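Going by TrEMBL, these are the annotated features:
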- 40-357: domain 'Aminotransferase class I/classII large' (DOMAIN)
- K227: N6-(pyridoxal phosphate)lysine (MOD_RES)
Amino acid sequence: MRQVGARGPAVRPREEIDRLRPYRIGSPAPAAGAVQIPPVKLNQNESPLDWPPELKAEVMRRLAGRPWNRYPPVDADALREALAGSHGIGPDQVAVTNGSNEAILALVQTFAGGRSVLLTAPGYSMSAPLAVIGGAAVKPVSLQPDFSLDVAVMVEAARAGDVGMVFIASPNNPTGNAFARPELEAILDAARGVVVIDEAYAGFASDSFLPDLSRYTHLAVLRTFSKAFALAGARVGWIAAPAAVIAAVRKALPPYNLNVFAQEAALAALARPELVAKRVQMIRRERERVLEMLRRTDGVTAYRSDANFILFRTELPAAVLFLRLLQRGALVRDVSHQPMLERCLRVTIGMPDENDRFLGALRASMEAS
Ligand SMILES: Cc1ncc(COP(=O)(O)O)c(C=O)c1O
């Protein structure tokens, strides 16, 4: 809307940006008075557990000792070295980013702008918009009915000269499954552009391509502190890749992209691997319990997961079940707009009592139909 009395031209966004829908997590507010108590928040694949107060206090102490009038270390050396050291790679094989979303965008801009990004459908909901924002065309390839990769089609498409980047989240969001190693290797062997394996949920899975960096010149592995490390609020992601890939992508990242708070918080979290491992174990245990309970619920098909969430399908329209669950105190994610995911919702694994509340809400919602 034009402001009354304002001077200047009506500025127009790039057409492809104009066509994007703003990022929303699809949680319509329920009718007034419909929810008595705040719902359990199982809609964003976050950790249900915040960091303990003593760890927060330590970060605050360290922050207080840092000059706030100065820019942070431009290369975030301490964090890059800590990440490299804890994963057996060199600091020149690491770039840190403001959440892994910034990493995806920088990789697109570096390797695929003006060309195409090959990605899976269903897949991570921000991968296609970030490709568009980065100036690339999007080439989606459908998964198989069991949510595995359609390797033949991916391999053929990855050979095309205009594909600057292949993006695959493994474990995949929202389907939850990790892809089989030989299938990912076949795509790596065929691709002419950079192959980005987004391992946002690696903490909850059994396999990773991080140890394979030395075998490929064109592999980039993405990690985040937002999930297993319980730091979604700090916005820290990172890229592990061969030094030449990292050197290129760092030119596309704004200097000082990671603020002092984020750097300190990530360093403190990295120093507590035993706490992270204990929490991950609890989530994995709960994931299997919730899966089993979902599979015992009439009218529900639940898919196995290698992540901290579960995809499930019911006979009800997803929007109807979403609202029924919310009215009964469980906030989940409606993912039914994605290809192949009609009547599907995604639930993040929370604490045992939160999961019980969700399961109870689901049973009651299904019985109400
Ligand atoms: C597969 C995948 N990649 C990346 C992200 C974004 O993570 P970050 O918080 O690091 O930007 C998410 C968040 O849900 C995700 O599911």
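The chain as shown is numbered from 1 upward.
Using N, Cα and C of the backbone, Cβ positions are placed for all residues, glycine too.
Per-residue pLDDT, averaged across the domain 'Aminotransferase class I/classII large' (40-357), gives 97.
A coil conformation is recorded for the residue listed as 'N6-(pyridoxal phosphate)lysine' in the three-state DSSP classification, outside any helix or strand.
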